[in-house]
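See structure below.
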Amino acid sequence: MYTLANMAPYIVSFLHEYVDANISPGFAISLSTGAVAAFGITLPLSGIFWSKVGIMRFVFVACLLNSASVFFSAFTIRVNAILFFFTYSILAGIAVGCGYGLVLQVALSWFPKKHGLVVGICTVGFGGGVTLLLPIQTILINPNNTSPNATTDMFEDVNMLNRIPPCLQITGALITGLEVVGCCFFRQRPSADSEMDEEETAVSDNSNYPTPSEELAVVPGITLQQALRTANFYLFWAIMFLSYFPVNILTAYIKTVAQTPIPDDRFLMVVSITGAVFNIIGRFFWGYIADKVSFKIPMILVNAVYAAALISLPRILWLPGAGRVCYAIWVPLLFLCLAGNFVLLTFGITRSMGPKHVASIYGAIFLASVPASLLGAGIFSQIDVRNCFNEIFLANGIIALSVSIFAIFLRDDQIPHWPRWLPCNLDRTKSPLFSPSTTPTEVTIDG
């Protein structure tokens, strides 16, 4: 999914040249939206239906669908834009949605005392594959560093465009190989070991993390039905909804926005790889921070920096003599913030609700990405993206700042003592967000 940021200019150019002359750069946001929407719909369903077929089989089917989506796309890209949209976007989103939540749930069961680190590692796998695939795709498609047309932002070199379908086939083969390795090592934890660790975790939590309210019970996890009666669930849902507007922009246009001021495809590829590396490093880093500091304060700060970087990105590209350097700094910073936001969000859901039913609860919250993606696609379909980059990134910066504001009201009982004045840490009898009528017994879990 994340390779779309690099592949979008090539794919759009191919479709425009060979399939439909009406295809514009705006089609990239449709590809991103379709994948996110399919992912968001299937993620909660996987948490509900895996018990009927078993986790191992369910994840194996997800891997098959993911490989098939790339292999099929190598053929559908020559035939029809809508058919390609289904195979490259929708089918890939379904595949990842079927497997991701279950893999996270199994991984958390193996390491009940290191949730932050586990979330960081799992999200590295979710978004880190681009580090391997991105340079391979760029070298295969554009070895001569051909630049796009400065007017249309489209690649027009026929030899370069003809390399795109074979590149998709090679990408599919690489993905299949990685999935085979993953399936060979993927194992559920025996239930006896899991129950023993849950008891140890409960004892550890009672002794090390006293909660401000005596109503809180230390249990391994609450159900989706119980989660729906907590204020945190709806705050996380709102944060997820807002967070996916910037994600779609970065996925579709982080490279396109720089093609006119920096007409050097190889340089843009190197910067994209650097951003992907920071995406990986950031997931480990923020997982470690979450284990040490919890999720609320880092989430507030990360999104404030994220907002500033988004707003300024299209403007720093045109700085005389400094555009390249600034772009090389801004892109890694953006992906570091992106990694932090989603690691902390996932960790916050796990810590607030418990790991036992994380697949279904996280899936229900992730459904917020569907209306966000569809709304974003509807807006971008009505505007000429190439002439509105300043306004687009400004709007998404404001959205990221709004996430910081929402995060202030999250309940985080394991927050450090010095910022306890924040609303979420007030006694629930004094806070309208946590009245007895809206808040069931919640869960406090050691990261």
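Note: Cβ is positioned from N, Cα and C throughout, glycine not excepted.
Annotation source TrEMBL lists transmembrane segment at 23-43 (among others).
The annotation transmembrane segment is assigned in TrEMBL to 55-75 (among others).
According to TrEMBL, the transmembrane segment annotation covers 81-104 (among others). Non-local neighbours of the transmembrane segment (81-104) in the same chain are 1, 11, 15, 19-20, 23, 27, 30-47, 50, 55, 58-59, 61-66, 68-70, 72-73, 118-119, 122, 125-126, 186, 346, 358-360, 362-363; each lies 6+ residues outside the stretch with a CB under 8 Å from one of its CB atoms.
Positions annotated as transmembrane segment by TrEMBL: 116-136 (among others).
The annotation transmembrane segment is assigned in TrEMBL to 233-254 (among others).
For 266-286 (among others), the entry in TrEMBL reads transmembrane segment.
The transmembrane segment annotation in TrEMBL covers 298-317 (among others).
Residues or ranges marked as transmembrane segment in TrEMBL: 329-349 (among others).
Annotation comment: TrEMBL describes 361-380 (among others) as transmembrane segment.
The transmembrane segment annotation in TrEMBL covers 392-410 (among others).
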Open item on the list: Can you tell me which recorded stretch out of 23-43, 233-254, 266-286, 298-317, 361-380 has the most Cβ pairs within less than 8 Å of the transmembrane segment (392-410)?
Closed with: 298-317
- [ ] Tell me, please, if the transmembrane segment (329-349) and the transmembrane segment (266-286) are in contact, taking contact as 3+ Cβ pairs under 8 Å between residues separated by 6 or more positions?
- [x] yes
Task: Highest-contact recorded stretch vs the transmembrane segment (233-254), from 23-43, 55-75, 266-286, 298-317, CB pairs under 8 Å - done: 23-43
Task: Intrachain residues whose Cβ lies under 8 Å of the transmembrane segment (23-43), provided they are six or more past its termini - done: 1, 4, 8-9, 11-12, 15-16, 81, 85, 88-94, 96-98, 100-101, 153-154, 244, 247-248, 251-253, 256, 359, 362-363, 366-370, 372-374, 376-377, 380-381, 383-386
- [ ] Using a Cβ cut-off of under 8 Å, list the residues of the same chain at least 6 residues beyond the transmembrane segment (298-317) that approach it.
- [x] 239, 246, 249, 257-258, 261-262, 286, 289-290, 323, 326-327, 330, 333-334, 337-338, 340-341, 344-345, 348, 389-390, 393-394, 396-401, 403-404, 407-408, 410
